[in-house]
Ligand SMILES: [Zn+2]
Ligand SMILES: [Zn+2]
């Protein structure tokens with residue numbers, strides 16, 4: 001059975017649902033409501049079933065304009081466990097046990113997630129632009145569960161992992177899971193071909209030069225594409241990979257060759273390359289890398305690009321002001337081509353511009369700021385694309401342990417929708433932007449400090465390297481490799497957070 005819950009939803013959003021988290025100040029609020037969120041944590045119990053533990057987390061929600069929306073959670077399909085990909089959030093997942101429930105016990109049919117509607121879905125037709133905003137939800141216990149998880153946060157698009165993203169082998173897609181996925185899609189009116197964007201495994205590197213490892217990567221990749229086709233999903237997002245120390249041209253060539261092979265082995269799925277932010281060996285941080293892969297793909301209708309806003313910004317593509325946004329979009333169009341743009345990952349950045357650090361921040365709280373997202377959700381050409389949040393939702397519980405608060409995604413979706421057609425010059429918008437910036441100030445200062453310290457360290461290392469490399473034969477090449485390894489580690493993209 002599913003619990004029903006009335007939820008506060010800020011429709012027009014000026015009030016910034018995203019700001020309405022536990023730490024928001026009460027200065028601008030005109031109404032206050034206390035929302036109780038029931039968290040359900042699942043733990044395996046010896047293969048015989050799932051043990052549930054529940055905990056109540058109190059969240060203070062403050063909004064200026066409040067529409068109370070009541071919505072019934074639909075009856076869930078009977079779910080069978082399909083795989084064991086518990087850790088399937090793009091944001092690091094907390095697996096610590098929660099304290100016992102205070103009053104109510106939750107009965108849920110799905111494993112890993114509760115079935116509470118945290119915000120109603122907005123009818124996209126009611127928006128001034130057809131923006132399909134959602135988040136990367138869990139598919140733990142079977143891909144079919146992702147749909148209820150998307151419904152719960154009011155997502156009009158969503159991402160998921162089709163299998164465990166940190167294991168090389170997973171059980172095949174269960175027939176039941178497929179049937180239920182299609183039934184749930186129909187029930188909730190999601191268009192799998194348009195607005196569902198699975199994320200590939202973090203293990204797969206299609207640029208891999210070693211034959212055995214390249215074959216292993218391909219097998220994992222093609223298995224995911226086949227799952228997409230079985231589920232009616234048309235878009236599949238993946239990280240392009242790493243050069244492994246070889247040239248970028250060799251790497252993009254190998255990626256394209258793997259894509260060509262995969263396209264021939266499947267019928268319809270579009271392989272969507274995610275832009276990256278790392279430097280050194282990371283492929284895809286420059287638009288040119290993406291262009292070079294696409295150039296070598298035989299069937300251009302089967303390849304596309306997903307722009308992760310945090311990655312773009314950290315890689316040196318500015319989006320903060322309307323002018324910078326326009327310039328970056330023009331650059332993308334010129335180098336890659338807007339026709340290849342298939343999706344967005346919407347994340348603010350805890351790290352400063354061009355820092356090559358992959359640290360996702362909540363919308364408006366990072367170095368990008370709210371204005372950047374206003375530009376994106378109001379851009380006509382971006383309509384109908386899936387726009388998926390991969391923002392952090394872990395919060396410290398009363399016991400000091402981290403708990404996931406999916407209300408943050410529900411609120412961020414409403415916040416982004418509220419920006420559509422909103423006047424960015426208004427006092428209200430500016431106040432909202434300032435308020436969100438204040439929330440992220442400490443975190444931004446912390447990362448800025450790290451980046452500054454690293455710059456100093458790198459400068460010193462560069463001086464030492466120059467001195468050391470000069471007299472010794474062979475020393476230079478070795479040093480270079482070591483430095484590249486350092487770079488990759490420091491700037492690693494996709495380390496569980498995107
Ligand atoms: Zn990613
Ligand atoms: Zn991403």
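Even glycines carry a Cβ here, placed using N, Cα and C.
Heads up, TrEMBL stuff is auto-annotated, nobody curated it.
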64-112, 113-161 - the range that TrEMBL marks as region 'Disordered': 64-112
Long-range environment of the compositional bias 'Basic and acidic residues' (441-461) - Cβ separation under 8 angstroms, sequence gap at least 6: 350-352, 355, 357, 359, 361, 365-367, 483, 490
Helix, strand and coil totals (DSSP H, G, I; E, B; other) for the compositional bias 'Basic and acidic residues' (441-461): 21 helix, 0 strand, 0 coil
